[in-house]
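**Student:** Dumping what TrEMBL says about this protein:
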- 35: active site, proton donor (ACT_SITE)
- 28-35, 145-148, 174, 182-185: ATP binding site (BINDING)
- 59: beta-alanine binding site (BINDING)
- 59, 151: (R)-pantoate binding site (BINDING)
Ligand code: AMP
């Protein structure tokens, strides 16, 4: 495995691989089981796997956790090596943004809800860095996690709008034993918050059950989510939303493929989670996303 920190060196290295398919897994490091599943998927379908590790300042708001975002580069390299990653691309901020940019990606649609609404400019920052990574690595496929489902939708839309020659693979959310979605940020939860964090997952499951039982009224279901989180956690509810997926449109009465999503702010960490389900027909029928 090679660790490469400069764009020029990475390009040179990849010149030798022009005959091989490249799978790219973009990450912000502090690698965990969620990232591992993306890397394993990339290993299955590509000759060369590149994992980028870059905490992208462009996607953090001024009051967000850029400075405290967990960084664990030595461990990351070790995990990547064990998983058979070919190249870790770990540029500095200066390497990725050597000058004030004259151009950035601006996401026009699909950011009025969920994280896009509470984190203005976040997806512009994500799309800008992902476009740069696509241009630097020129992957055949790129791997993203459905834990960040809105991100998957935004990137897929960018690929369509800009005719980018890359396939996007969306991978299922990996969870801790109690159901909490694995996240680099979980390490910044206090002990008490970690205990309560599981209710984010439980909240989604409770609402999914209500949909299974026949409830279709979005307002009632969203209120049920808020009440559940209020009564079980000290976190501040950022959003509880149920929208169509991947369009992220509001419906008063649910039908079709939907995303049930919530974000909860703890003292230092904001957690997000979602479940995607398919609501079919008059009577309630709900299946997991992977059963659709
Ligand atoms: P991050 O390092 O948080 O930017 O995440 C890098 C990639 O890993 C993104 O595509 C995330 O959606 C994905 N990811 C993060 N956590 C998980 C998880 N628990 N399960 C699956 N994918 C994940």
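A Cβ is built for glycine as well, from the same backbone N, Cα and C atoms used for every other residue.
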**Student:** Nearest of the recorded positions to residue 59 (beta-alanine binding site) by CA-CA distance, picking from 31, 35, 184?
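**Tutor:** The answer is 184.
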**Student:** Which recorded positions of 28, 31, 34, 35, 146, 174 contact ligand 1 in the sense of C-beta under 6 Å?
**Tutor:** 28, 34, 35, 174
**Student:** Using Cα coordinates, what distance in whole Å links residue 174 (ATP binding site) and the residue listed as 'active site, proton donor'?
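**Tutor:** Cα to Cα, residue 174 (ATP binding site) and the residue listed as 'active site, proton donor' are separated by 9 Å.
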**Student:** Find, among the binding-site residues listed as 31, 146, the one whose Cβ has the highest number of other Cβ atoms within 10 Å in the structure shown.
**Tutor:** 31
**Student:** Secondary structure at residue 146 (ATP binding site) (DSSP, helix/strand/coil)?
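**Tutor:** SS state of residue 146 (ATP binding site) = helix.
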**Student:** What are the sequence-distant neighbours of residue 34 (ATP binding site), meaning same chain, six or more residues apart, C-beta distance under 8 angstroms?
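**Tutor:** Non-local contacts for residue 34 (ATP binding site): 145, 147, 173, 174, 181, 182, 183.
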**Student:** How long is the line from the C-alpha of residue 28 (ATP binding site) to the C-alpha of the residue listed as 'active site, proton donor', rounded to the nearest angstrom?
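**Tutor:** Distance between the two Cα atoms comes out at 10 Å.
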**Student:** So, in DSSP terms, is the residue listed as 'beta-alanine binding site' helix, strand, or coil?
**Tutor:** helix
**Student:** Can you tell me the three-state DSSP label for residue 31 (ATP binding site)?
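**Tutor:** Once the DSSP labels are grouped into three classes, residue 31 (ATP binding site) ends up as coil.
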**Student:** Note down the number of other Cβ atoms within 10 Å of the Cβ of residue 174 (ATP binding site), including every protein chain shown.
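**Tutor:** Around residue 174 (ATP binding site), other Cβ atoms within 10 Å: 17.
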**Student:** Inside 10 Å of the Cβ of residue 59 (beta-alanine binding site), count up the other Cβ atoms and send me the figure.
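**Tutor:** For residue 59 (beta-alanine binding site), the 10 Å Cβ neighbour count is 21.
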**Student:** Give the sequence-ordered list of residues that share a chain with residue 151 ((R)-pantoate binding site), lie 6 or more positions from it, and have CB atoms under 8 Å from its CB.
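**Tutor:** The list for residue 151 ((R)-pantoate binding site) reads 115, 123, 126, 144, given in order along the sequence.
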**Student:** When DSSP is mapped onto helix/strand/coil, what comes out for residue 174 (ATP binding site)?
**Tutor:** coil
